[in-house]
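**Student:** Okay, so Swiss-Prot annotates it like this:
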- GLU52, HIS60, HIS62, GLU104: divalent metal cation binding site (BINDING)
- GLY229, PRO230, THR231, ARG232, THR233, GLY234, LYS235, SER236: ATP binding site (BINDING)
- 11-114: domain 'CRESS-DNA virus Rep endonuclease' (DOMAIN)
- 175-187: region 'Oligomerization' (REGION)
- 252-270: region 'Transactivation' (REGION)
- 18-21: motif 'RCR-1' (MOTIF)
- 100-103: motif 'RCR-3' (MOTIF)
- 292-303: motif 'Nuclear localization signal' (MOTIF)
Amino acid sequence: MASSSSNRQFSHRNANTFLTYPKCPENPEIACQMIWELVVRWIPKYILCAREAHKDGSLHLHALLQTEKPVRISDSRFFDINGFHPNIQSAKSVNRVRDYILKEPLAVFERGTFIPRKSPFLGKSDSEVKEKKPSKDEIMRDIISHATSKAEYLSMIQKELPFDWSTKLQYFEYSANKLFPEIQEEFTNPHPPSSPDLLCNESINDWLQPNIFQSSDERSRKQSLYIVGPTRTGKSTWARSLGVHNYWQNNVDWSSYNEDAIYNIVDDIPFKFCPCWKQLVGCQRDFIVNPKYGKKKKVQKKSKPTIILANSDEDWMKEMTPGQLEYFEANCIIYIMSPGEKWYSPPVLPPTEEV
């Protein structure tokens, strides 16, 4: 019956899919038609369903599915039929999977035309001998169609195209990231919310509402926030508690930039070591950056505010030219902390009992 396992982190991508429905007495013909309808968008070419009996007498169902385009799903329950949940695998050798399904079936149904595997990287069986050597395009097309993960994709390329793999690895890694993007986990904020103990909370609240908490027209530009003050006053914890963000400390590393972040944080980085400071402070969109050890890329598809945190001894404004300072003040709310201010409220102590 349907499994209760979580859908998180599940991913399947392949043009050849092998399904096993345990303890499933479903009619193979009915199951074939239901699975066929589920994958219409990927252009199904062939499906084989067979009912088989276990030694204990229980029935289970096997299915081999072949599509023109790779089936790409992230829902582990996608192939559930009539409450029965299958084990979903990539059929790396369709010939062997088909032979396995047809070994001892009680009932069989198939639709479409079976496509024998002609993969150059699995070796050649007697029925797959080809005099003509496959081209690089054919090899890559086959790898793209049958790889099920980033690691498998790169491993196949290394095996079949070793010279290209050794000289163009960064390009293959780039295509692997596009084919198999990482599944984003649901954001859980590790930083507890805090209430600033400031002389002028209103100015911070006035900045928070339109720039962090409220969605705005994509054409409008946000405004950044600059906070300068003593260390150990809770600036970083407060800034990081507001939501999903890009966080940089010591240096700005664009290689892990998250487009889904609501805002950026530049924490304790001297002004002279902050590249693209104008783009960050000005909440600009679609600008080019050059990640270390990576290729140039365009980031920030929409206007995104930046919170800049600095200690008094590295005040950015002291390092700026008059022209830079004018730009900074026009695009940034500036908050200079007063003595005694903190970005968290002091704990409320219980009243002491009189002795």
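Glycine is treated like the rest: Cβ placed from N, Cα and C.
Describe the structural context of each listed feature in the structure shown, including burial, neighbouring residues and relevant distances.
**Tutor:** According to DSSP, HIS62 (divalent metal cation binding site) is assigned to a strand segment.
In the three-state DSSP classification, SER236 (ATP binding site) falls within a helix. The Cβ neighbour count for SER236 (ATP binding site), using a 10 Å radius and every protein chain shown, is 20.
If one looks beyond the region 'Transactivation' (252-270) by at least 6 residues along the same chain, the residues whose Cβ comes under 8 Å of a Cβ in the stretch are 184, 211-212, 235-236, 239-240, 242-246, 276, 280, 289-294, 297, 299-301, 304-311, 314, 319.
This prediction places the mean pLDDT of the motif 'RCR-1' (18-21) at 92.
DSSP labels the residues of the motif 'RCR-3' (100-103) in these numbers: 2 helix, 0 strand, 2 coil.
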**Student:** Please work out which residue of GLY229, PRO230, GLY234 has the most C-beta neighbours within 10 angstroms of its C-beta, and give that one of the binding-site residues.
**Tutor:** GLY229
**Student:** Work out the three-state DSSP category of THR231 (ATP binding site).
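**Tutor:** DSSP call for THR231 (ATP binding site): coil, neither helix nor strand.
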**Student:** Within 10 Å of each Cβ, count the other Cβ atoms and name the one among the binding-site residues GLU52, GLU104 with the highest count.
**Tutor:** GLU52
**Student:** Using the Cβ centroid of GLY229, PRO230, THR231, ARG232, THR233, GLY234, LYS235, SER236 as the reference point for the ATP site, which residues of the same chain not in that list have Cβ within 8 Å?
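**Tutor:** In sequence order, the nearby non-listed residues are LEU309, ASN311, MET337, LYS342, TRP343.
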**Student:** Specify the nearest of the binding-site residues GLU52, HIS60, GLU104 to LYS235 (ATP binding site), where nearness means the distance between Cα atoms.
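**Tutor:** Closest by Cα: HIS60.
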**Student:** Cβ within 8 Å of the divalent metal cation site's Cβ centroid: which residues qualify beyond GLU52, HIS60, HIS62, GLU104?
**Tutor:** ALA50, ARG51, ALA53, HIS54, LEU59, LEU61, ILE101, LYS103, PRO105, LEU106
